[in-house]
Each structure stands twice: as C-alpha cells, then as structure tokens.
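Asker: The following feature annotations were taken from Swiss-Prot:
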type	residues	note
DOMAIN	67-102	domain 'EF-hand'
CARBOHYD	Asn156	N-linked glycosylation site
CARBOHYD	Asn449	N-linked glycosylation site
CARBOHYD	Asn497	N-linked glycosylation site
REGION	1-24	region 'Disordered'
SIGNAL	1-42	signal peptide
Amino acid sequence: MGQARPAARRPHSPDPGAQPAPPRRRARALALLGALLAAAAAVAAARACALLADAQAAARQESALKVLGTDGLFLFSSLDTDQDMYISPEEFKPIAEKLTGSVPVANYEEEELPHDPSEETLTIEARFQPLLMETMTKSKDGFLGVSRLALSGLRNWTTAASPSAAFAARHFRPFLPPPGQELGQPWWIIPGELSVFTGYLSNNRFYPPPPKGKEVIIHRLLSMFHPRPFVKTRFAPQGTVACLTAISDSYYTVMFRIHAEFQLSEPPDFPFWFSPGQFTGHIILSKDATHIRDFRLFVPNHRSLNVDMEWLYGASETSNMEVDIGYVPQMELEAVGPSVPSVILDEDGNMIDSRLPSGEPLQFVFEEIKWHQELSWEEAARRLEVAMYPFKKVNYLPFTEAFDRARAEKKLVHSILLWGALDDQSCUGSGRTLRETVLESPPILTLLNESFISTWSLVKELEDLQTQQENPLHRQLAGLHLEKYSFPVEMMICLPNGTVVHHINANYFLDITSMKPEDMENNNVFSFSSSFEDPSTATYMQFLREGLRRGLPLLQP
C-alpha cells in the first residue's frame, strides 16, 4: 500500500497576526525617524530665522530711509561696511579722522617701509597742473544740470598733496625684474584680478584698501598727488606691468606702466572717480636696489583728452552715474638727482658733514653706466601696451598715417571713432567692452592683420583736424568720418580716400550681439554664424567681411 505524497508548499504570504519587528530594529527605525524630523525642524527654523532677519533688516532699512532720507542713507551705507545697519567704532573711524583732522600714519607703511639711516635716500618732486575744466564735454553747456557740489573735489584739487618726498633706495626693490628676465619681456609688478568675466569693482567707495607688498611703493608714490589713490582700478586691465629696456653689469633700466585712479570725494559727498589714462615712466636702479640713478613717472599728455571722470548721484551702486572726460596738463613725479647716502663716512669710518665749510653741499660723482643691451622706448611702450591690451596685437596707426599706408598697400581702413582713448583707462562704456571682447578675439586679430589697416581716433582730434586749413585732404578725411559718427563709438570700413563703405554704432552692435541666436537669425542686418561660438565675434567678423565685399571692388588697381 503506497504512502501519500506531502502537500505542495505554497508561497509565503504576510500574516496579519505576525509578530512585530524585533525591538532593536524598531528602535533603529524610530531613531532614524527622529533624526529626519529634527533635521526638518532645523531647516524650517533656519529658514524662519533667515526670513525674520531679512524682515528685520528691511524694516531697519525702511526706518533709516525715513529718518535719514535718500542721501543720508547713502552716507550711512557707505560707512556701514558689514551692512548690519549699525556703525561700529571702526566703521566710524574715517568720519572721526575727518572731523578731528587727525589721520594717523598707516601701519602698513611702518611695517613695510621702515627707515634705515645707513642707506641711500632718493628725493622725488611732484609737479601737478589741475584738470582744465573747459576740456570737459559738460563745459560746453556751462555744466547745466551738474551739481557744483559734485565737482567740488575736482575743483579743489589744485596742487600736489606732497610737493616733495624722500624714499629709501631699497623701497624701489619691487621694480627689480624676476631672475632670468629677458630684455623687453614684460612682467607684472602688481597683477590685475579682473576680466570681462569677473566684472568690475564697486563704485560706491571712498577709501582705498590698505596696500600690501609691492603695492606699498606704488601707493606712496601716487599719494604725492592725492591722499586717496587706488592702486587697482575698478575696471580691467588693472595693475602695474614692467619690462627691461637696458642692462649693464650693475644696473637695470626698467620701464613701467601703471593703471590707477583716485577718489576725490569724502563723506558726505558722493564718490567722484578720477582715472588718468595711464601712468608711465622709468627707473634706473642697481641690481641690488641700493642705488637709484634716475626715476620718472607721468601721465602722458600728448593727446587732447587723457582723464576719465565718473561720479555717482545716488545712494546705491545702481544709482545714476555721470561720466565725462577731460585733459590734465601735468601729473609728474621726478627724482631731483641720484640717490645719495643718508650718512657720509670718511675712509676711517667716521661720520663727516654733508656740507663743505662754505655751506655748499658735497657733490657726488657717479660712474658712467655702460649698457650691454638696450631697447627703444617706443618698442618697450608697445610691449607693455600689448600686455595690458591684447587687442593691440593689431597695429593701430595714427589717423592720417593709416590712410597713407592704405593707399600704399591698397587696403581698406578699419577705423574706430570714440570719445576716450581706446588703449588707455580714459576709455569707458562700449569702447571698453569692445576692446575686451571682439577686438582681442583671435579670428578678428587675424583678419584685421591680413586684410586691413587699422586706426582709432578721438572725436575731439578729428573735430580739430577738420578746422585746420593747411591740409585739405586731412580735413576731408576727418569730415567724412564725422558725418558717419554717432555717440559714443562708431566702427567704420573706409576706402583709402576716406569714403566710408560700411559702419556700425557700438551700442547697436552690443545690443544685437546680446540677442538670442533665434532672434539673430531674424535680424535683417546681421545673422548668427555657427562658425564661432561667440555671437559677438561672429557678428564683428560678418561686419568686417561685409566691408571687404563692398570696398574691395572700389579699390584703385
């Protein structure tokens, strides 16, 4: 008799009457749930605190606005550096110093530039002629609409802050080149920190940050002109660049270019920025920086305009800003002679009087320096310019010279007409944007070098050229340009005889290149090209090529 088969095993299914999870697992689950709830509560509390803090800050801001008014709140905010709506003693310090007339010597100067009586001393004199107010564009209508208070810092700046100052020779050590630096190879004494991608520094400032390291000597030198120099400008390119122009066994000649600016106002006035186009100069110093043979620093004054000025008319960074340009005849620092020992010793090491019995000072005799390598001032200036402005890899000729060259080489002229100099810090607005973007783009540089003669000009200079009677051709060239010009910057493609075959205003150009690609395709004048990722480069390339298309058939064979 056979045995019965066991019943088939059924799949396991949950049993409503099953035992609860073991105590350890349940405790872990409860702990995890508690942690999640605590985290959520913390996030909610943080958000609530942030909202409360924002609400309190907004309430304090609104209350301050009612009490102080717009201008008063602007002054308060300029001192409230941490934006907590309270003025600490440290934040109030600038006002206290202004009211009491007591400005203590900054600690950085005591630490970085200590006096050593055994070293040589260089005496430097400052020469300063104030800005000619009649060169400002707003002078044409008698400064209509411009508050006299806004220009008070400019009008009151009539002399150098320090007509003369003494420096220890070794304080100029930052001008020494890095080891192995070759003749004409630029290096940065103070590197810039800004680019077209980083934007610019705040306009709403009165006092420069304490200089550090190599900035100290630049700050001290510029302080001879005005007590509030900023060794780094708000806009790129910033800093100080230098190159060797001569080398001997014991000496270097170093040429340098400095981009710096000054804040002419203090509270309760609004900020007023004074930005010279550039400071340039040279120094001849021993290779150990113990002796300075010569030093000179100056703002170039060969153009009709050389200073940009910008001032605020409101209580925030986004307040209305006025912009103008003008001419300063002289801003110059120059050594009165080579550096000389502070203490004079005889052959036995005894200190002797620095004056003869007759009262005349002792005359020092310096050996002649024999240079082994030299570079011209013009070539050194060009290399420093390219270091600051990569768009100058294209050679931009003077206005009339460009048309002479175009006739000789049978090329078109790429011309830019604007108010401020394209290759220094007196340029502003759309001109500044152009030089930092499309004009330094490699494809644009290549096409300009291959197919065009380039030039840029100040509107003021062409207006002056148009009134000259000596050269009718130059008058005609200037007139043809000014006919096509629209404020603030006009780019033109011209025949060698000055005829403008194509042109575009910079503001319009920047507007259309900020469009979306699909909007560019619908534009009747320019369209986005897939050959370049950057629409600005693509559009400027199309502008140049359209100029070639129109102009090349018209060139004289």
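Backbone N, Cα and C atoms are what each Cβ position is placed from, and that goes for glycine too.
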Asker: Comparing the glycosylation sites Asn156, Asn449, Asn497, which residue's C-beta has the most other C-beta atoms within 10 angstroms in this structure?
Answerer: Asn497
Asker: Taking only the residues in the domain 'EF-hand' (67-102), give me the average pLDDT of this model.
Answerer: 63
Asker: In whole Å, how far is Asn449 (N-linked glycosylation site) from Asn497 (N-linked glycosylation site) when you measure between their Cα atoms?
Answerer: 20
Asker: Roughly how many Å lie between the Cα atoms of Asn449 (N-linked glycosylation site) and Asn156 (N-linked glycosylation site), rounded to a whole value?
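Answerer: Taking the Cα atoms only, Asn449 (N-linked glycosylation site) lies 46 Å from Asn156 (N-linked glycosylation site).
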Asker: According to DSSP, collapsed to three classes, what secondary structure does Asn497 (N-linked glycosylation site) have?
Answerer: coil
